[in-house]
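According to Swiss-Prot, the feature Zn(2+) binding site maps to HIS73, HIS75, HIS243, ASP318, an assignment based on sequence analysis. Summarising the annotation, Swiss-Prot assigns Fe(3+) binding site to HIS73, HIS75, HIS243, ASP318 and lists sequence analysis as the type of evidence. Taken from Swiss-Prot, the feature 4-imidazolone-5-propanoate binding site applies to ARG82, TYR145, HIS178, GLN246, SER323, supported by sequence analysis. The N-formimidoyl-L-glutamate binding site feature in Swiss-Prot is assigned to TYR145, ASN320, GLY322.
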Amino acid sequence: MSWDQVWIDVNLATMDPSISAPYGAITNAAMAVKDGKIAWLGPRSELPAFDVLSIPVYRGKGGWITPGLIDAHTHLIFAGNRANEFELRLQGASYEEIARSGGGIISTVKACREADEAELFELGRQRLNALAKEGVTTVEIKSGYGLDTETELKILRVARELGKHHHVDVKTTFLGAHAIPPEYKDNSDGYVDLIINKMLPAVIAENLADAVDVFCENIAFNLEQTERVLSAAKAAGLEIKLHAEQLTNMGGSALAARLGAKSVDHIEYLDEAGVKALSESGTCAVLLPGAFYFLRETQKPPIDLLRQYGVPMVLASDFNPGSSPICSTLLMLNMGCTLFRLTPEEALKGLTLNAAKALGIEDNVGSLLVGKQADFCLWDIATPAQLAYSYGVNPCKDVVKNGKLVHQ
């Protein structure tokens, strides 16, 4: 056989649902890569003969290979920090109170408007490197810290540039509808007009976004405004998603499902009717335990209902300066299990196959299958559950992206 590389002495957590074993596991396995794709995988005993003198062979020393991790919800590009708000919350102020007093998102908006693209790029590069060291091979990055046309475009341009200069694939999301900027404080509908009539066309003209998101909440955008933005995005051919039911149940998830959104994110206050709507539309539920933890919330997402209705559950970092300044997907695996009571298998699926579904890229990445992109990680672990069980010592040994060894 003519391959570019072969991996032996490994176990595979394929996350292939057609394999009945937990994690879609194949133990005592091997895998071959050709032209950036997975060319063969299966039991080591069935590996076809190949020229060991001309094809590089990598020995996994009994470790586990998983698909490359996918962080499907981040706000990775921003300037400044909000440590002062952290102190205020510990003194009793709520996230909502801080936001209504001009803090929160708006304070980061000010810092991002003042920062240039070079500064934002370097900050983003450092954060992307941190995720990459934990096995992340695809990341979603949202705008939303500009809230004016110029700065929203600036953030999205930086995200696109990161994707061009880093081995991690970057999917971009336009989140102009993240908060009401101060200049539109008493005219939120006017700001929605600006998003639809000026911002969105400018984003599309430069091909800066793969999707559009809205923060549907009582401190941000109401249902009517949310539908206007998402409908405009959908009409332009972009994927849509929604921050919904984080602080209250406004019915945003049902709206997103009706419009065919790829995902609804946060969903702590989602009810059974909303879960049923997601199930019927095939919309993913993105769980963000980092924000739940950091804001010291008590209302948990309806995990049992999501299981009951078969809604794909995704885990993501929600890395951002205000509610989840936690740049770690491995920690999300642990938090998903300890805080939301996911199983380790559900958690890993939420950072691989289901995360790919949330971004609409599941045909190419998210599981180990012949013909899929060769994005995978070798972990120094005895069982896949260890990825969620223990945190602090990074067990990621090798990362392969598009068939190339990028981290060793």
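Every residue number used here counts from 1 along the chain in the order it is shown.
Using the three backbone atoms N, Cα and C, a Cβ is placed for every residue, glycine included.
Taking the Cα atom of each, GLY322 (N-formimidoyl-L-glutamate binding site) and HIS243 (Zn(2+) binding site) are about 15 angstrom apart. For ASN320 (N-formimidoyl-L-glutamate binding site), the spatially nearest entry among the binding-site residues HIS73, HIS243, GLN246 is HIS73, judged by CA separation. Excluding HIS73, HIS75, HIS243, ASP318 themselves, the residues of that chain whose CB lies within 8 A of the CB mean position for the Fe(3+) site are, in sequence, THR74, LYS142, ASP265, HIS266, VAL286, LEU288, ALA291, ALA316, PHE319, ASN320, SER324. Fewest other C-beta atoms within 10 Å: among the binding-site residues HIS75, ARG82, HIS178, HIS243, that description fits ARG82.
For TYR145 (4-imidazolone-5-propanoate binding site), the same-chain residues 6+ apart in sequence whose C-beta sits under 8 angstroms from its C-beta are HIS75, ILE77, PHE78, ILE105, THR108, VAL109, ALA111, CYS112, THR151, ILE155, HIS178.
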